[in-house]
Amino acid sequence: MCGIVGYVGPQSALDVVVAGLKRLEYRGYDSAGVAVLSDGSLAAAKRAGKLVNLEKALVERPLPSGTTGIGHTRWATHGGPTDANAHPHLDNAGRVAVVHNGIIENFAVLRAELEERGHALDSETDTEVVAHLLAEEFSATADLAEAMRLVCRRLEGAFTLVAVHADDPDVVVGARRNSPLVVGVGEGEAFLASDVAAFIAHTRSAIELGQDQVVELRRDGVTVTGFDGRPADVRSYHVDWDASAAEKGGYDYFMLKEIAEQPKAVADTLLGRIDAAGSLTLDEVRISTAELREVDKVVIVACGTAFHAGLIAKYAIEHWTRIPCEVELASEFRYRDPILDPRTLVIAISQSGETMDTLMALRHAREQGSKVLAICNTNGSTIPRESDAVLYTHAGPEVAVASTKAFLTQLVACYLVALYLGQVRGTKWGDEIRAVIRDLSKISQEVERVLKTMEPVRELARSLATKNTVLFLGRHVGYPVALEGALKLKELAYMHAEGFAAGELKHGPIALIEKDLPVVVVVPSPRGRSVLHDKIVSNIQEIRARGARTIVIAEEGDEAVAPYADHLIRIPATPTLLQPLVATVPLQVFACELATARGNEVDQPRNLAKSVTVE
Ligand code: F6R
């Protein structure tokens, strides 16, 4: 939610910052802006709409060149997506510029105080107060980092701030509380960004900032302190992917590339999980096996697609470990006073590791004494840092707003966690675990095979471009798959799409069925619990009898469904619990193609942002 870039070094700051913003546009695309320090003055430009509008403005009215600068791409919270509300925000003298990600909750009080002192604020944002407060503190201290520390101590809420001051020309200062900010360290240059993707073309050497820290960036190094001014401990790390991973690589959209990367992402997430003794390992565990043996309940918290991964994980966890498992939307979790104690294991699933709802849920769980295990795709992000254990998914950077490869790898990670719990608690034997791992190892090839057969799915999607509604049905693990199929279609094609448990249809939703309504049905394996399979075949007949156009996703060799399918999408036979790994893929392709056919922006759907860092 909002992308931020800062740069100081020998290169043109504008070029570095704009290139960085391009990589961060997935975080928000309501407006964009930049500020550059040049010959003792500050020049800024900003435009509502996508980054391309700003780029055009910069061609029409170029900014003077400079080697220190900041930039921002916005997902609007306070104030609409207008030029005036776009960042950077400047003080009245035009000497300080600031960009912000997050929400400053006490901005109204601060604004009133500033206005009383004679400041004129002209945007509707919560951010503008910071520019004015920084200007005041800088005139007292002549030190931008100190001014930032003083200001941050007065702010409430979640914020990442990055600022420059015309009177301190070779310095960029950043601050972080509850929102992401990473430092990149190059040769004689330094970077600040919401995500390493912004500077990966320049350096793979990064520093993770902690909570309530201020960083001062100079060409010859960085200094990190707490908001209290004390030197802070930081963790440096090497980014293990390169710039090409954050490029489209010849695909029209990031989403297409990321769908195609799924076989590798699934394989990478499995890599190195078995140690020499044949046991499963987690990346970083600060929960002892004794504590895991004591666990009497698992609670999964997550949002959106990650929540759907959690719903599927429940089936595996309960089946393989016999521990009761609840799955909860992170945004609802802490408000209903959930029953948690030290014997509850909370699993937080998040691609970005920055989703505020999930972060707040995990903090609540830890306050109640529960241990938290994170499943996350972003190294060094807040959620794994604040958890007791982490299992990283190795999907590589996911740029398209709609999650695809992260989902599949979250599922793999969930299966691994379930097996790990089974291993620690002795509810699964070593050979049983290895048999599941062998099945999981084959999934990468199966996904590859599914991807090769997607042309009929694309054709079908194009033929449905003028429809208003698509329903999705599933049973057992196919039910969350149906929910995920519907979510993908809503966010990408802007169509009314609903996922239902197929057995629930007769309790109400069947009234929605009308002639030619497309209904996608995810059919469980006939080799699993055959009763489930038989019941869904009946469900397909029920909706077909009422005129539905049935789009059936069924395992190869499942002939029982064929007579009732207007369109049959085949997936490879897999063990029942693992079926979502192959069944979801056609639904991703379906949504992507429908969005394209309807002329929508696939990678940047309207109103959305990839990383949701507000509650
Ligand atoms: C949907 C989608 C979102 C995210 C959700 C959680 O395609 O991408 O629903 O899954 O916002 O995000 P993370 O996993 O970063 O916590």
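Backbone N, Cα and C atoms are what each Cβ position is placed from, and that goes for glycine too.
All TrEMBL annotations are machine predictions without curation.
Here is what TrEMBL records for this protein:
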type: DOMAIN; residues: 2-220; note: domain 'Glutamine amidotransferase type-2'
type: ACT_SITE; residues: Cys2; note: active site, nucleophile
type: DOMAIN; residues: 288-427; note: domain 'SIS'
type: DOMAIN; residues: 460-605; note: domain 'SIS'
type: ACT_SITE; residues: Lys610; note: active site, for Fru-6P isomerization activity
Inter-residue Cα distance where the pair is Lys610 (active site, for Fru-6P isomerization activity) and Cys2 (active site, nucleophile), in Å: 9
Nonlocal neighbours by CB distance (under 8 Å) for the residue listed as 'active site, for Fru-6P isomerization activity', same chain, sequence gap 6 or more: Tyr26, Arg27, Ser352, Glu398, Val399, Ala400, Val401
Structural state census, the domain 'SIS' (460-605) (DSSP three-state): 70 helix, 29 strand, 47 coil
Per-region confidence, the domain 'SIS' (288-427) (mean pLDDT, whole number): 95
C-beta crowding around Cys2 (active site, nucleophile), within 10 angstroms: 28
